[in-house]
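Some notes on the structure that comes next.
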Amino acid sequence: LGAVEASRPIPWKTEEPLWVSQWPLSSEKLEAVTRLVQEQERLGHLEPSTSPWNTPIFVIKKKSGKWRLLHDLRAINNQMHLFGPVQRGLPLLSALPQDWKLIIIDIKDCFFSIPLYPRDRPRFAFTIPSLNHMEPDKRFQWKVLPQGMANSPTICQLYVQEALEPIRKQFTSLIVIHYMDDILICHKELDVLQKAFPMLVAELKQWGLEIASEKVQIADTGLFLGSKITPKNIVPQKIEIRKDHLQTLNDFQKLLGDINWLRPFLKIPSADLKPLFDLLEGEPHISSPRKFTPAAHRALQMVEEALQEAQITTNSPAKIIDWYPDAVAQPRSRIKAAVTHFGRDPDSLIVPYTAAQVQTLAATSSDWAVLVTSFSGQIDNHFPKHPILQFALNQAIVFPQVTAKDPLPDGTVVYTDGSKTGLGAYVVKDRVISKQYNETSPQVVECLIVLEVLEAFPGPLNIVSDSSYVVNAVNLLEIAGIIRSSSRVANIFQKIQAALLNRRFPVFITHVRAHSGLPGPMSLGNDLADKATKLVATALSTHAQAAKEFHKRFHVTAETLRRRFALSRKEAREIVTQCQNCCEFLPTPHMGINPRGIRPLQMWQMDVTHIPSFGRLQYVHVSVDTCSGVMFATPLTGEKASYVIQHCLEAWSAWGKPRIKTDNGPAYTSQKFRQFCRQMDVTHLTGLPYNPQGQGIVERAHRTLKSYLIKQKGSIEDVLPSVPRVAVSMALFTLNFLNCDAQGHTAADRHSLEPDRPKEMVKWKDVLTDLWKGPDPILIRSRGAVCVFPQEEENPLWIPERLTRRAPSQLQNKKDGGQVGDEDSPTRDDGSYDGRVTVGHHVYLPPTDASDAECPGVPIFHK
């Protein structure tokens, strides 16, 4: 094998030997095991063993008739510390330079070419049972990385990386991409590649790694990691649209809606897709049958070919690349993000079999054998200890089947829509019925109109809606259990649920893309419902229509529309964002988009994250102050309301009693927690059910806390015990009391320190009325602007610095020697601004990862 000295030891949790007995094997399987083990021993992969460790083996027959040896290493995996990920995603192949030459190789039997650390080999021993105990059992242990060992992929990646390191150092201009056992080398000059390739083969051979000669690709085009690399582009190997499920009008409507949405990107003229669109014509019922015509098949093949040719171009060396600091690049993350894929198995698998039955199944069934060796988690047969689950185990429960999964051929077809003006409408057989509601959310209005339809049509029913929110909610409500009154839509959901459960006939609800421009009865019905809400909405909202016309002419800001036409901020902003001329100039959303408090304790976000390595204390409850950035976390044994209350009491006793915002988890919406908040006089807010609002700040806090737990692991074990509570306390101490921002303040400083001066009062000029107003207090100063809180307004306003003047009483204090602020105030005597930033009240964006910690939070100012 060679390179044994470079093999990597595995960290173990215990030195206690583990023995899992080998189960009996049939004569046929025993013969196959003996033959396979002899072959592996001859190749140097196995050696005889007298180890006190043992785990079972078995064999499965492949489709080709050959046998495959499997080793059940789940028990051994539980005894080892898992290595962290060393390569968390696939390399981005479009980063390869254009027109460079390639050599692609594949390492043959990579795992079996890498030696196992000698001291670790006894742990991977197994037994070949003798028939009828006629002789001592033969025992062997692996000398190479075994299949199924949890750390084998990581050790393989690190081992191959070390083997490639001399080539990387010797040929610095050579691009070397390595992923598991696949290697790609790339260079502009073919001569350099031809010189590097034999040295690469020789270096790999010194490490005991052999390349598969039949898989070597030497050209400017090749297949690598599921993609085809050409001199100019990266293309997928094969794309085909699934067609076997396309049978009804509803099926084709969904497919063609997506194709029509993608058509401009694929640069396909709509005339070329007319045979496909013609399939939507005819019988109007959504369950009416549809079949492909030869012309439609050709049109769909055109779409598949266009998808196949939708290539990613490789990197041109002559192209100028703009580099941005991390904080600046965040708004461009959608555009400049790398293609990265992550995956994670569940921690446990619940099956209706005992441990002995699972072992029997693994010994007799090939499918079970593959499962138990490939699944790294725990296989159990105990459901969580929950009263509802225990009741379901003891009592036969039949879930209602009112909401159908397929269109109902004999059902009435109804199209629904709702608008923000409170107007809802539904269309049945070209007849439009409208109804006005006292709501401003389109989703809520559409929920109400769907409820109206459910009550008006008791027979078989097909509902078509352009709101994914409503479609998903209706499909979930039938088996959602008890809905607690945690928001203003809970009552509507309760009524929809009751209407579904009381129905004798089934109902089918489906989604259709709005404003698709496609032909056919489904698009026509949706357009009729949509126009019904818009026509009446125009008559009901003359102010909004006038504002649209005014903006269409002058393209003024949303704030101007709000003041001039007495609109809400939401209405004014929608007019601006829907303008085709203005949309490309709108500011990009940034990291501070989540609602934040403008002072400590004004808004906390709270959530639960899971850290499996903590064992029973894996449920870590986290709270973060959205103003100061102070974080508090409590590792507990559950996430019920009682644990949430325990976390709240500990957090509030340390940092004060806040207003809190959470998601709609069962613990947060429970009667027990609501009663607790009332008793403690704490305001608790949640988002809409089935439509959770952003909890981005606390989600980033989860990531930050976990990163510090990883970074600080082992740093305090020589002083303090390595237990979850100590680890969490150490991380919180660092985040709250050590990490500083640009002003030298920690999160604890920002949370506890109050301004040592009174609010500065200024008079300010309203540009619309040309009148001076105030004096009013300043909350925040920024470069060229101040945030003023008018006493007669509901919210603060941003005013240009040049349109403000210090209040007369404060000017007099200034002349008399009194200090309105301090000697470093950035405002001159004439009311102008000297360019420095001072703080009336800062709202900080706390550091969330390593990059933020190097350049900690800048102030985020909110209106």
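Glycine residues also receive a Cβ, built from the backbone N, Cα and C atoms like all the rest.
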Out of Asp417, Asp430, which does Swiss-Prot tie to the same Mg(2+) 2 site as Glu446, Asp466, Asp530?
Asp417
Candidate sharing the Mg(2+) 1 site with Asp181, Asp182 (per Swiss-Prot), from Asp106, Asp120, Asp244, Asp251
Asp106
Of the residue ranges 374-415, 542-583, 626-667, which one carries the zinc finger annotation in Swiss-Prot?
542-583
Measuring Cα to Cα, how far is Glu446 (Mg(2+) 2 binding site) from Asp663 (Mg(2+) 3 binding site) in Å?
23
Which sequence-distant residues neighbour the zinc finger (542-583)? Criterion: at least 6 residues beyond either end, Cβ under 8 Å.
420, 768
Most Cβ neighbours within 10 Å: which of the binding-site residues Asp106, Glu446, Asp466, Asp663 is it?
Glu446
Counting every protein chain shown, other Cβ atoms within 10 Å of the Cβ of His555 (Zn(2+) binding site) number 12
Neighbour count, 10 Å Cβ-Cβ cut-off, for Asp530 (Mg(2+) 2 binding site): what number do you get?
20
Considering Cα atoms only, can you say which of Asp181, Asp182, Cys579, Asp607, Asp663 is the nearest neighbour of Asp530 (Mg(2+) 2 binding site) among these binding-site residues?
Cys579
Pick from Asp181, Asp182, Asp417: which of these binding-site residues has the biggest number of other Cβ atoms within 10 Å of its Cβ?
Asp417
Give the three-state DSSP assignment (helix, strand or coil) for Glu446 (Mg(2+) 2 binding site).
helix
Fill in the CA-CA distance, Asp417 (Mg(2+) 2 binding site) to Cys579 (Zn(2+) binding site), as an integer in Å.
22
Quick check for the class: what is the C-alpha distance, in angstrom and rounded, between Asp663 (Mg(2+) 3 binding site) and His555 (Zn(2+) binding site)?
37
